[in-house]
Amino acid sequence: MLDPIAIQLGPLAIRWYALCIVTGLILAVYLTMKEAPRKKIIPDDILDFILVAFPLAILGARLYYVIFRFDYYSQNLGEIFAIWNGGLAIYGGLITGALVLYIFADRKLINTWDFLDIAAPSVMIAQSLGRWGNFFNQEAYGATVDNLDYLPGFIRDQMYIEGSYRQPTFLYESLWNLLGFALILIFRRKWKSLRRGHITAFYLIWYGFGRMVIEGMRTDSLMFFSLRVSQWLSVVLIGLGIMIVIYQNRKKAPYYITEEEK
């Protein structure tokens, strides 16, 4: 088992979980700022947004997790804020981040669809890296399997939990998001019929479908009346993505690739 603590500075312990999240954030900010001028968005506005959105998204991710595990946390109030042990629900962070983005874009007079389109691939790569935090914490894993011989030794050893090998669902989602990120990079440079909002829709459909399938493999899903919450939200995301495509096509939204770029 790998040590979840990356750096120990006296009483201060810096965990791999936190490093994975921060690394994903830094890369996401860099990529978003790089694409921002293409949509006539000031890069400094991206930094301003992150300073507001990131802490609120972390809070939203934790609140979401605590709400659906309230039976446990109501008896362990001191652990509610112990986010270094894991327990950040991605969907809670996404919902909070989307609300903050809408308000921020409105106040800065930025087109919301443009902002979402340049942020979507960055969010996907951040999620891909962030999932490795689950790896170090030995969480977000799946059912038992006989062996994991097809995986590198360090992953196989870390997925040996409670006397059994476990499906590395964190890895499946990380790779799924990485592939989605790569496809978006190709689409937004090559797909000339791509309209404003289509990248956001692709993210919602791609991530929603992948999460719905992978969530079914997990053994630690957040439940609500015997239903997997994330799977229901995944269906909502897929439906929302499809509606965005239909809506933007019908209103003949501007193309993502401008005439000057074609």
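Cβ coordinates come from backbone N, Cα and C, glycine included.
The transmembrane segment annotation in Swiss-Prot covers 9-29 (among others).
The annotation transmembrane segment is assigned in Swiss-Prot to 41-61 (among others) on the grounds of sequence analysis. Same-chain residues lying 6+ beyond the ends of the transmembrane segment (41-61) with a Cβ under 8 Å from its Cβ atoms: 25, 29, 32-33, 83, 88-90, 92-97, 100-101, 104, 108, 110, 114-115, 118.
The transmembrane segment feature in Swiss-Prot is assigned to 80-100 (among others); the stated evidence is sequence analysis. Counting residues 6+ beyond its ends, the transmembrane segment (80-100) has Cβ neighbours under 8 Å at 13, 15, 17-18, 21, 49, 52-53, 56-66, 68-69, 73, 116, 123, 127, 130, 133-134, 137, 139, 222, 229-230, 233 in the same chain.
Beyond the transmembrane segment (109-129), the same-chain residues lying 6 or more positions past its ends with a Cβ under 8 Å from any Cβ of the stretch are 20-21, 23-25, 27-29, 31-32, 35-36, 38-41, 45, 90, 94, 97-98, 101-102, 173-175, 177-178, 180-181, 184-185, 188, 196-200, 202-203, 206-207, 248, 253, 256. Here Swiss-Prot flags 109-129 (among others) as transmembrane segment, drawing on sequence analysis.
Residues annotated as transmembrane segment in Swiss-Prot: 167-187 (among others).
Residues annotated as transmembrane segment in Swiss-Prot: 197-217 (among others).
Counting only same-chain residues 6+ beyond the ends of the transmembrane segment (227-247), those with a CB under 8 A from a CB of the stretch are 68, 89, 91, 197-198, 200-205, 207-209, 211-212, 215-216, 221. Marked as transmembrane segment by Swiss-Prot on the basis of sequence analysis: 227-247 (among others).
Taking pairs at least six residues apart, the transmembrane segment (167-187) and the transmembrane segment (197-217) share three or more Cβ pairs below 8 Å and count as touching.
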